[in-house]
Amino acid sequence: MKITKEIIERIEGEATLELEWDNEQVTFAKIKFFNYRGIEEILKKRPLLDALALTPRVCGICSHSHAIASVLAIESIFENQGESLHVSQKANDIREIALNAEKIHNHIKWYFFSILPELKRVADPTYHGNAYKEKQWFQAQNAIMESLKMGAHFTGQWPHGSFVMAGGVTCDPLQSDVVSAIGCLDSVISFCEEHFYGMPLEEFLSFDSALQVMSVPSALSYGIDEMLKQGFDRLGRSYDRFLALGKSYMYEGSLKASKTAVLGADVKYVQESLEHTFFEDKHKGYTYSKSAQYKKSYCEVGPLARLMVAKEPLMRDFHRRFKDAALTRVVARAVECAHLIARTKQLLSKLNLKEPSFYPPKKDIHSLSGEGVGIIEAPRGTLIHQVDVRNGVIELYNIITPTVWNLGNGNRENPSTAQKAIIGLNSFTKADFILKSFDVCSVCTTQ
Amino acid sequence: MKHKSTIVWLQGLTCNGNSHSFLNYPQMPSFASSFEMIYHPLICGAQSFSTVLESNEHFDFLIIEGALSHDERLLQRFGIPFYEILDNFAKRAKHIICAGSCASFGGIFRLRDPEKITGALFSGKEKGGYWLEKSNVVNIPGCPLHPRWLVETLFALRDRDTLLLDEFLRPKEVFAYLAHHGCLRNEYFEWKVDSKQLGEKEGCLFYEHGCQGPMSHANCNKILWNGVSSKTRAGSPCLGCTEFDFPRRALFETQKNMSLPQTPFGISKRAYYTVAGVAKSFKIERLEKKLIDENH
Ligand code: SF4
Ligand code: SF4
């Protein structure tokens, strides 16, 4: 048996992919994450609200997501202690706008900065890519900036804004902020129409067939063609099992899907495992990434999972043709991006500024004891924050990030989602791309 | 055409926030016409990591993001102990820039093991971090740093001979300001009108909500974030992210001594409390009311 180890670059952080081979075929894969930072440990014995400022530092690319998961966890402690906080519609909308800004920017960044250069490299191994030399790179960078600027009108800054508080949001925007934010979003829309989708957003959103997307020249159809050429329409398939525990306007409650069958889900069936980590065994462990399962099964989380549980017609058509292959997973980010843009535009135009931003809790936070859970859908999938507090001081803080679902390590008998997608491949380059199709974030994974 | 200055970007223990903040730089084409990113872990650079590591070529700027450590169990990159990479790169760089509070002072991740995790030249406030001494280091703290702080410092070092630095090696053009300067709540601060509760445009966040604006060196409220806003403009307190002691404990609370808040930077306690008492005794109707009142 041959074993190869390679470092995966140009993801968020870095990972090592160790592949076991037999007859030129991958028989098992270990996905290793190092560079642990220990935010959960750092939070211990700190005042509860510090979590709102410190958890965003888990990850520079999804800092608002952590802030929102954290505030939901804190609000749920109040709830568990008998005080249901009233959060106004306006505050909820602002939280969603901020989260969407982060998702939209993430999807564009990932597609234009990671996936396109990767596809060029797969097609031509001598291509190393140089972001700064390509015009489209600058256009994408501008769209990314505009998306974040749109959100910053409410969050104060990106990354690492702190705009949420138990009971609402801290900002009190004016109509002029909203107008300016809409202007930013409109320039994101122009970029997407011109480059990403090659057609008006509305038209793209009306599609229910993969062929409609593929027939129009665009960065997306170019990517799809390249993936078809490389066989990524068949490669990278996993369990075809999806999970979305956080709320979305596209579906009701928490859901899971097995292929196309959608069922209700509950966070109580989530289990986190330390197997194969340095935390469990300093010597035998090989990664800092924990792994997460739902009723002992590995499930895929992320945009594809969200669109599958939402029964989104275009995604269903891609899935009907290609199952949960790498191609489907990549396309899902592009499709979700379009929905998020349309939804955000709607939220901005109906934002009711007359409502209060914040209702202070009655209970003094310093006397608060109990447990709480906050669940949201972050750019890469379900993100869970669990906190245990005694007299306003954090006893225990636990974070389950999306990448822990997709990229944790299982066993040979029960490999994780990404492992399953990699086993059976015949080249490292392909394995590298399949791994990246999950939008790997090692900083989130190792916290 | 002038030769482009070359940059190699290296990450220690980080959340990548400074890299992402940098990607918000609005005049990126102008930046790219003067600088060449030889290597960046996230962005496609001109060379791969191993090419840079194996070559002996010199470059103009080494940008370090993230906290540092000599302990290879705490920090390695590409399967190589981090100190080997850093020492190799540092020898070949004309200037070393610490991007963000982690590389400058150790930042948030230093809290887990302050003995072993530090900034480049400082460990918190103390001199002596990863290196005891080094003459070509500039600190640009901030969690994250503002993209303009980085780009403008790069241009300054490239085009001018001198860059004035403060005692923490921070460029004075940025860090001579306080986050308090440019805050829209300044008048409330002057007349000691506190913000009754969060989520409102009115009132200062210094008295009850832990705002560190008057103690934090940074021009973020002058140049704004993402071109449009800032923490205090969005109603949340400044967390003091550019200072060596970031993050303090209880970030959303004002630590008080006999019910008096900390004094702003550079003022004697006694004088401050005297003036504050006088200011508070004025009741300025305009500042007690809503800024935008529908009934008037
Ligand atoms: S809110 Fe903070 S930065 Fe603004 S005036 Fe008050 S103390 Fe200064
Ligand atoms: S306002 Fe304070 S916390 Fe925010 S970026 Fe400026 S210095 Fe950092």
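Backbone N, Cα and C define each Cβ position, glycine as well.
According to TrEMBL, the feature Mg(2+) binding site maps to A:Glu40, A:Cys62, A:Ile399.
Residues or ranges marked as Ni(2+) binding site by TrEMBL: A:Cys59, A:Cys441. For A:Cys59 (Ni(2+) binding site), the Cβ neighbour count at a 10 Å cut-off comes to 32, with all displayed protein chains included.
The Fe cation binding site annotation in TrEMBL covers A:Cys444.
The subset of binding-site residues A:Glu40, A:Cys59, A:Cys62, A:Ile399 lying near chain B, with Cβ atoms under 8 Å apart, consists of A:Cys59. A:Cys62 (Mg(2+) binding site) and A:Cys441 (Ni(2+) binding site) have their C-alpha atoms 10 Å apart, to the nearest angstrom. The Cβ of A:Ile399 (Mg(2+) binding site) has 26 neighbouring Cβ atoms from other residues within 10 Å, across all protein chains displayed. Annotation for the binding-site residues A:Glu40, A:Cys62, A:Cys441: lowest Cβ count within 10 Å of the residue's own Cβ, A:Glu40. Reduced to three states, the DSSP call for A:Cys62 (Mg(2+) binding site) is coil.
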